[in-house]
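For B:7-20, B:101, B:162, B:187-188, the entry in TrEMBL reads ATP binding site.
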């Protein structure tokens, strides 16, 4: 049996994700699809709209055979660290391919870009720093530096977010001397602005979240953009938990947490540096909402994503001594598994060199503290007794099977 | 002009407090009443039912001439530390007397008790430890030790909470070699259990809070037990803020805060010792309310008050390096002042050796960080934009005058 790996957030799952999952399986001729999926906090520094268990069900229903949790230590980090974690997990699980969507769509370009990056590492780094200093974004600076140094036109636009991630995946494979191979699929995109729902069946997860949280659309009316079981999953979640998660629900807790800090104690939080702690503590006093807070803190230097990631680490009170840019993949946490997934695991299990966590309560020797904490914090806006039940699930939930 | 000092919480203000305030003034023949009043968190380890500003207005309307904030560093501590702070403030302000209500009612007994305590300090301490070990409460152990060592019957029952505080006031005066004199007034008590509203005009603050939070009585029906302006003050507070404060409102934040901690980091919190951190972290997971949490954690060793004080320090994230059993009174924070109070301050101002804080925003050189933090945390259950306005008040509110 051969497996293809995909790296996902499903926030929430939509038709574009379905296309990606099916294409990945077909194009690599795989028997088994392994989805490495972020836990409760995501790469843009946001809480997931529904729990990892609800998203696992969606992934399984859409055809994933194994759903593995991308730990907090990777899921809330910038592209290179995020990619390193996900690729390492897929390598541990002997996937033949990692298959990622990209705006560009040509795997060779990613390989070439990555090779040039490595060959000219020092010179490119220097140029990137200069371009950053005159006010360019990091992706723009990287594109300019690459062009200047290599004088090659690869046509890989680094200002497109999935191209950035693609390069990170290829870099991770090379860095880890992994045997997994990269393969990219062109993303089907809407021609509209990311935040606007498209007129086709494919729209971005961003546009879906925007429409839901601005009360532009109701879950039940999303059938154009997502499979029916996903809509049912979202509706069930709303009924059971009471809401879909967004940053505003966590704002009272973020404000409370910041209020307990001095600038000195805030400096101990991961990613808090360069004096941003003073800016944060000053802005929070009068901030009326999370959006209001971000708008008060944001500058050219601090992008929204970077600030949101800081806010996630503040919310979870994650310290510099708890997290780094190079965490290790110390375990494989199985969130969901299909019949095919079970056959595949049976085949590879003996060759997996890290512990496989099925149920947390049975794995006392594995350090899952950051992921457990993330779930605890993610549950903060829930009412009792639902909150306590939710927390219990973190310890007692075995891999979901459908 | 002569001043009498009283040490109060007014949680909430009732007829018994009114009697105490007036008697203190009459019995000591004072021109000016100085009320040292706890800020937002109180000695039993509870949030105050209404803000310090609302309680300041009640105190002024009832006849207090100066309302001084007892800082967080003292207001949330056990009797001796609490008393040391309050007495030091009154001594700074040149009060002639500190006048406290007690069950016993005879000042001489307090002086005698305190003298004997000092004379036999070492022996009594040893006996207290033995009595504690066999399961006695601290007040009971102290009573037994005193009787055993001195063989004297002072008749001061240390199991009555205001007698305990009275002894602490007298000890504080002696320890500080203060010139202020103690004077006690017999408390008028209801003959009913503390939690039951009495049938006379005097009932305990505990019974009022209990009746309010168990929905046994509405604020408007409390006119038997408190002056009308106080009832109006409570009603206004409910209208403006949306509720009266109790621990349950802070429970989601306490649970959230505990969830961000490991046993090791929890040990850094003030008063967390002897392994209680494991008990707390274990109980919080399934606790559905603050009451439920306390019932899960409580043992003979840890009284409710002791646990509640711990919870206050966890809620405010107050570390061992921020607080001790012997903090210093570094400032006098003026919450309210009457015409007479102004005359009195004019008379003594030049002889006050610590800074007098009228408006926080104008006192950047004074370290008020614990009190500011307490107000920030106290505001956590408030909705925006009321919460932000509440926080602003901490910095901009000048002393209240009526």
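Each residue, glycine too, has its Cβ placed from N, Cα and C.
As the structure is a computational prediction, the values presented were derived from the model and not from experiment.
All chains included, 16 other C-beta atoms sit within 10 angstroms of the C-beta of residue B:19 (ATP binding site). Neighbour counts were taken as the number of other C-beta atoms within 10 angstroms of each residue's C-beta; across the binding-site residues B:10, B:13, the minimum falls on B:10.
Of all the binding-site residues given, namely B:7, B:16, B:162, the one with the smallest number of surrounding CB atoms inside 10 A is B:162. DSSP assigns residue B:13 (ATP binding site) to coil, not to a helix or a strand. DSSP assigns residue B:19 (ATP binding site) to a helix in the three-state reduction.
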